[in-house]
Amino acid sequence: MSNWDTKFLKKGYTFDDVLLIPAESHVLPNEVDLKTKLADNLTLNIPIITAAMDTVTGSKMAIAIARAGGLGVIHKNMSITEQAEEVRKVKRSENGVIIDPFFLTPEHKVSEAEELMQRYRISGVPIVETLANRKLVGIITNRDMRFISDYNAPISEHMTSEHLVTAAVGTDLETAERILHEHRIEKLPLVDNSGRLSGLITIKDIEKVIEFPHAAKDEFGRLLVAAAVGVTSDTFERAEALFEAGADAIVIDTAHGHSAGVLRKIAEIRAHFPNRTLIAGNIATAEGARALYDAGVDVVKVGIGPGSICTTRVVAGVGVPQVTAIYDAAAVAREYGKTIIADGGIKYSGDIVKALAAGGNAVMLGSMFAGTDEAPGETEIYQGRKFKTYRGMGSIAAMKKGSSDRYFQGSVNEANKLVPEGIEGRVAYKGAASDIVFQMLGGIRSGMGYVGAGDIQELHENAQFVEMSGAGLIESHPHDVQITNEAPNYSVH
């Protein structure tokens, strides 16, 4: 069947082409609810996700964004073991109740306890009689190890075993806090009726609950985290390891999600993991979204070529302007009762509001977080200013590191035979990710207040766009003035 007669299908819009029309509002910005449910086990308190890029999201970024209420996607440019370890770091960074605490036996060496404590940045380890029966017999903490000279000595010689303070399984955080304070201790092991170790509550975790009240967490009180996989020979092995490490979702990450090979692989992944949350992309059309949902995906990622470091649209001549792509995919998502993530092209907080208004349930951001302390990119000084490296996953360097399969070039062994669809660059250093999130949320709340939307669903239903001319875009930015003091949420690109 020929598509000749519809070759020039329609006009496409991106963020700089449109503005949201202000409307009658009974909503103040501080009253806006930013919660978004992407899947049954994936409810975020803010609609922000950090990209699965090797200069954006490792465990530090994932922890920071989850504490703010969003979600980080651990990139896959590392071994399966390393990526699974990154997921574990996030899941163990914060717990309401630690349901699977580390433990050792009295026969283990002190050095093994120290290694465990340093690797996971914990201050103590429960000690059980045997690995099989898990009967609690003691605990060893930093204080017990402070003056030890022989780290080859068995833990039994240095652990605290008398007057152990414990609590029953099911103890709530309020009761645990009272017990910890009363006995001046930092860790409270939870035991069952047989004295078996069944959990652990720490004062640090209680403090984190208070410090980060909006953190995005799973049913066990652990931070939410996702991780990326490709469509390769190790996909199932990697996905298995990531889920075992605690990942709440995997992101099947390809440049063209509406591809027969990708769809077959996704269907196989769904069959292999029938009850797990699958996010997949990228696509830019309604048909692409439909194909992914039919293959078994829970959440579709939308965006081909809009990213600041992506060259797909000029190298391959392919893509759909992002606002149109979001709107088209969202129409299908509504039909299926599922959700989409708008991935790429966002420069300002106002673009986030536009992406959500067009039908997005959350946005995925790369460049806006690449300059933060938590991003894994290297810091460098250029002309007296501080920058961090930022590169597309389609850049030569990233493809050599492991992302070539994303662009269907996994079989290419020579760097000079790779055809990149991204570039390497630098972005200005921005400080803590939490500061960036604060400004973003302020902008989102303000935009939703202007259009009278109390939550994201109301934004979907009621927001209206106006097409903007080139002169309108110029008028939208500061003009006819020299900026002398940049605002924290606006800079000239």
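Glycine is no exception: its Cβ is also placed from the backbone N, Cα and C atoms.
Here Swiss-Prot flags CYS310 as active site, thioimidate intermediate. Counting only same-chain residues at least 6 apart in sequence, those with a Cβ under 8 Å from the Cβ of CYS310 (active site, thioimidate intermediate) are GLY344, GLY392, GLY394, GLU421, GLY422.
What Swiss-Prot records for ARG406 is active site, proton acceptor, and it gives sequence analysis as the kind of evidence.
According to DSSP, GLY307 (K(+) binding site) sits in a coil region rather than a helix or strand. Here GLY307 (K(+) binding site) comes close to ASP343, GLY344, GLY345, GLY366, SER367, GLY392, GLY422: these same-chain residues lie at least six apart in sequence, with C-beta atoms under 8 angstroms from its C-beta. Positions annotated as K(+) binding site by Swiss-Prot, on the basis of sequence analysis: GLY305, GLY307, CYS310, GLU475, SER476, HIS477.
Residue environment of GLY366 (IMP binding site) contains 26 other Cβ atoms, counted within 10 Å of its Cβ in all protein chains. Secondary structure at GLY366 (IMP binding site), as computed by DSSP, is coil. The IMP binding site annotation in Swiss-Prot covers SER308, ASP343, GLY344, GLY345, GLY366, SER367, TYR390, ARG391, GLY392, MET393, GLY394, GLU421.
Residues annotated as domain 'CBS 1' in Swiss-Prot: 97-155.
Sequence annotations record features per position, and here Swiss-Prot assigns domain 'CBS 2' to 159-219.
In this structure the C-alpha atoms belonging to HIS477 (K(+) binding site) and TYR390 (IMP binding site) are separated by 26 Å.
Under a cutoff of 8 A between CB atoms, and with a sequence separation of 6+ in the same chain, the neighbours of GLY305 (K(+) binding site) are ALA284, THR311, THR312, ARG313, ALA316, VAL318, GLY319, GLY344. Of all residue pairs in SER308, ASP343, GLY344, GLY345, GLY366, SER367, TYR390, ARG391, GLY392, MET393, GLY394, GLU421, the annotated binders of IMP, the farthest apart have Cα atoms separated by 16 Å. Every protein chain shown contributes to the tally, and the Cβ of TYR390 (IMP binding site) ends up with 24 other Cβ atoms within 10 Å. Cα to Cα, SER476 (K(+) binding site) and TYR390 (IMP binding site) are separated by 28 Å.
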